[in-house]
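Engineer: Structure below; questions to follow.
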């Protein structure tokens, strides 16, 4: 067995299994990418299609489906290298395709990630996971896709679908790639030591702020829809939420780029924080409204998942519980109390409250990560040696400042870039549907409806159809019933 020839062919060194390839890491990275992809397709497709009013079920689900597909093509054509390629600007990588065989089968590497001491000596080597670039490109692609889909939650029920089709590639190109390179790909915030383990800033703060900004420019739903917008299927909403929660194992567990102990910590902390947040949100609903809300529980679950994301592999379990308590209460307060009393928030029609569930929870998570990041866990993941949270003394106090500044950059960039994109699209395509389309919904926009149920706006013609479709089997019953009528 000592000879390589005694090994099965799949384990022998070859062009398909080079020496640098770690099959376990590669298997986990592709699995993690698939889990994140399932959060969007079908997770958010189901959640969006069921949490909205029935007349918007098809359109809402389709916005998510379209965004996922469009991002995949834009990502491999130019977006990946803008986010994880060679440095062009301190906040942007050089655009280029990630489609060629020579690029995709070589060992994964983030060329701008090598970190240096102030004197120019190497502090932390370039990130080079033990799997091919193809795995890295796909893993990062599903993150980009879910960011755009989360943003859509602010725009459901009125954005012109053609404007959305133009918005997706533009926002990916001029907003998402900037945050991704700055914090993950080797940009200035990455090298300064801002902590964003798995996207509290890059994904959630970004999509929450951009969604709220886009909602301002698109305009509100019809008044009747704003006043009453019940979910058309609460059970399916729970199904979509469940896929979102379980998929988060890939979301946070895949970001160490290897199946190591930090990945395990991240997955456990993710579930601890999400469960705590859901319970706290539910308790608050019971205390103040007298009954638990299923939709409220889903919101609490989401805020917990979002809050832990920037620190999932960097904090201890007890800190994850504290973060869950705060993520279940602070976004609840901003959504249930502040939103109802602040006129500006009421003027902007953020359909699913993404500014609360993602922007508030994401920024909160980033700040709490700066407080609770544990030094040993930081050393397992971060390129800046000696990193730590505020409760551990030393440079921890400065870390909180870094987290505040990093979040402020993401907020500012998204407000500006999203506004410019919306204004430019609005010059060519109306951002909002016509009032006629808004009154009708899916049938006017797509010529399709979510449910084909008997009695939904139609009158039953007994003289034409009979009471039963099968008169051979049920002729006597049909006849008798007709006589009674």
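Cβ from N, Cα, C; glycine included.
Since we're looking at a predicted model, the values are computed, not measured.
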Engineer: Please identify the range among 85-103, 104-122, 294-312 that TrEMBL labels transmembrane segment.
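Structural biologist: So the range that TrEMBL calls transmembrane segment is 294-312.
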Engineer: Do you know which of 136-156, 430-450 TrEMBL annotates as transmembrane segment?
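Structural biologist: The range carrying the transmembrane segment annotation in TrEMBL is 136-156.
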Engineer: Can you name the far-off residues of the same chain, 6+ from the ends of the transmembrane segment (136-156), with a Cβ under 8 Å from a Cβ of it?
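Structural biologist: Apart from its flanks, the transmembrane segment (136-156) reaches 29-30, 32-33, 36-37, 39-40, 44, 48, 52, 56, 59-60, 63-64, 67-68, 71-72, 75-76, 79-80, 83-84, 98, 104, 108, 129, 164, 168, 171-172, 176, 180, 199, 202-204, 206-208, 210-212, 214-215, 218, 251, 254, 257, 350-352, 354-355, 358.
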Engineer: Checking distant contacts: for the transmembrane segment (404-429), what same-chain residues at least six beyond its ends satisfy Cβ-Cβ under 8 A?
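Structural biologist: Distal contacts: 160, 162-163, 166-167, 170-171, 174-175, 178-179, 182-183, 189, 192, 194, 196, 201-202, 205-206, 209-210, 213-214, 217-218, 359, 362-363, 366-367, 370.
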Engineer: Ranking 27-49, 201-219, 294-312, 318-338 by the number of C-beta pairs under 8 Å to the transmembrane segment (359-384), which range is first?
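Structural biologist: Most contacts with the transmembrane segment (359-384): 294-312.
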Engineer: Out of 27-49, 61-80, 201-219, 294-312, 318-338, which stretch has the largest tally of CB pairs under 8 angstroms to the transmembrane segment (231-251)?
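Structural biologist: Top-ranked stretch among 27-49, 61-80, 201-219, 294-312, 318-338: 27-49.
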Engineer: Do the transmembrane segment (263-282) and the transmembrane segment (61-80) come close, with at least three CB pairs under 8 A (pairs 6 or more apart in sequence)?
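Structural biologist: Contact between the transmembrane segment (263-282) and the transmembrane segment (61-80): absent.
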Engineer: State the residues, same chain only, that lie 6 or more residues beyond the ends of the transmembrane segment (201-219) and have a CB under 8 A from a CB inside it; answer 'none' if no residue qualifies.
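Structural biologist: Contacts with the transmembrane segment (201-219): 143, 146-148, 150-155, 158-159, 163, 167, 171, 175-176, 179-180, 183-184, 194, 306, 309-310, 348-351, 354-363, 365-366, 406-407, 410-411, 414-415, 417-419, 422-423, 426, 431-432.
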